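J.: Below is one structure. I have some questions about it.
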């Protein structure tokens, strides 16, 4: 059963990732291109010596071996300032690789968490639980981080501070996940028959740590002077939209697949193989 | 999704001992994939900036700090 859920999460995650990649390609890539154009214009104006780019990567750490790039790498080193080893068209194809693999990994983790929640927390149908959990995951992993550290296009952000910013990003993601877990635990702990009481308690248990993290974690503002505000806004909305498309598609696909499987094997229990829908308890030890 | 509250087998919880090996084995691998896609700049992959360059647009548009 766990294996079925994991495979379902991997496949629907991959599919949802590719769908989100399609959205990002259509809606987001124009803004990425605009931002890269600004970045290159700024670099050109700064007058950096572009000629020293290509030869650097030849000799590091490969002391013992012959150079493994079959000679094509640095032979044609035109001094065009191309420190990018991957061209823009390949990067745009890499967008789908990135969102697809992201969906695969996230979908797999989601499925295993889902396997633990199932029958313990939340709605009783697989479909409803999937949609609810995907909504919660979007809030925890996307919305909470985005409102503190929103997505940035190329040209925004100092490369010197990338490690610190990545660490802060991981921290705020963990805060979102922990706050969600606290909210679920609170909703289970509060035994009031009034759903409003449980709802307010769970919402409060979620918001207190999240708002504390928003206030206490250091701010990051590395938007260069003169960067167009409209472009920044459009890019950030496209980024948020990419994640929204991913989680919406994933929740629907994963839930739909779960309900279809449940409809096909209505008597399947976790303890018995899916192909044996026998209600009798013969042979079901342990 | 059926709105009826018939107790189908889908509501039966999976015992944690059955879940544990999957969590222990699969989650680290999946998190490693996510790390390589979203954050690695050569530290783990040992491919220099290759992953950064290849995943560049995805990192930006998925909202992760890229550079």
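Note that Cβ sites are derived from N, Cα and C of the backbone, with glycine treated the same way.
Because TrEMBL annotations are produced automatically, they should be read as predictions rather than curated entries.
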J.: With TrEMBL as the source, which of A:237-257, A:258-278 is set down as transmembrane segment?
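T.: It is A:237-257 that TrEMBL annotates as transmembrane segment.
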J.: Suppose you had to name the range TrEMBL annotates as region 'Disordered'; which of A:9-46, A:47-84 would you pick?
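T.: It is A:47-84 that TrEMBL annotates as region 'Disordered'.
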J.: Report, as numbers and ranges, every residue of the chain located at least six residues beyond the transmembrane segment (A:95-117) whose Cβ falls under 8 Å of a Cβ in that stretch; write 'none' if there are none.
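T.: Answer is 1-2, 5-6, 8-18, 20-22, 24-25, 29, 129-130, 133-134, 137, 141, 242, 246, 250, 254.
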J.: Same-chain Cβ contacts of the transmembrane segment (A:237-257) under 8 Å, 6 or more residues past its ends?
T.: 8-9, 12-13, 15-17, 19-20, 23-24, 27-28, 31, 99, 102-103, 106-107, 110-111, 114, 126-131, 133-135, 137-138, 142, 146, 150-151
J.: Same-chain Cβ contacts of the transmembrane segment (A:167-187) under 8 Å, 6 or more residues past its ends?
T.: 121-122, 136-137, 139-141, 143-145, 148-149, 198-199, 201-210, 213, 217-218, 220
